[in-house]
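Straight from TrEMBL, the features:
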type     : residues                                                     : note
DOMAIN   : 1-124                                                        : domain 'MGS-like'
BINDING  : His9, Lys13, Thr35, Gly36, Thr37, Thr38, Ser55, Gly56, His88 : substrate binding site
ACT_SITE : Asp61                                                        : active site, proton donor/acceptor
Amino acid sequence: MKRIALIAHDEKKSVMIEFAKKNRDLLRECDLVATGTTGKLINEEVGLPVERMESGPLGGDQMIGAEIAKERVDGVIFLRDPLTAQPHEPDITALLRVCDVHNTPLATNVATADIILHGIIEKE
Ligand SMILES: O=C(CO)COP(=O)(O)O
């Protein structure tokens, strides 16, 4: 089963929920891992089981980064807020970097997220 990481900043959480609802059937075929609040919302509002890490500002991005470094993640959907400064910006940059280090598919907007999700499932 493919393992997908889902992360969304506050301004993008509604977009993430919409994305997860639209792709519920595909996502149900994957193991999902997420940062704390994103995972809680996907679980409660979309009804999908999600393995939850800490919230992003409390180290959740680093926890997901560690999973990527161990090559336990097949794709990352990280809906960032490009218009708001985040207190944990270094963690965010590190997460993007580790995706490139390990050649892990990474989507930072919902248009790419659709393509990545379908690509990952089709590869199975
Ligand atoms: O801050 C985040 C990613 O950088 C997301 O964290 P939450 O899902 O806990 O809001």
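Just so you know, the numbers here start at 1 and follow the chain as drawn.
Backbone N, Cα and C define each Cβ position, glycine as well.
On a predicted model such as this, the values are computed, not experimentally measured, just so you know.
Recorded features from TrEMBL, shown on the structure.
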residue : record                             : DSSP class
His9    : substrate binding site             : coil
Thr35   : substrate binding site             : coil
Ser55   : substrate binding site             : coil
Asp61   : active site, proton donor/acceptor : helix
His88   : substrate binding site             : coil
Long-range Cβ environment of Thr35 (substrate binding site), under 8 Å and at least 6 residues apart: Ile7, Arg52, Met53, Glu54, Ser55, Gly56, Gly60, Asp61, Met63, Ile64
Local confidence of the prediction over the domain 'MGS-like' (1-124), expressed as mean pLDDT: 96
Cβ-Cβ neighbours of the residue listed as 'active site, proton donor/acceptor' (radius 10 Å): 27
Binding-site residues (His9, His88), the one with most neighbouring Cβ atoms at 10 Å: His9
Sparsest Cβ surroundings (other CB atoms within 10 Å) among the binding-site residues Thr37, Ser55: Ser55
For substrate, whose listed binding residues are His9, Lys13, Thr35, Gly36, Thr37, Thr38, Ser55, Gly56, His88, the greatest C-alpha pairwise distance in Å: 17
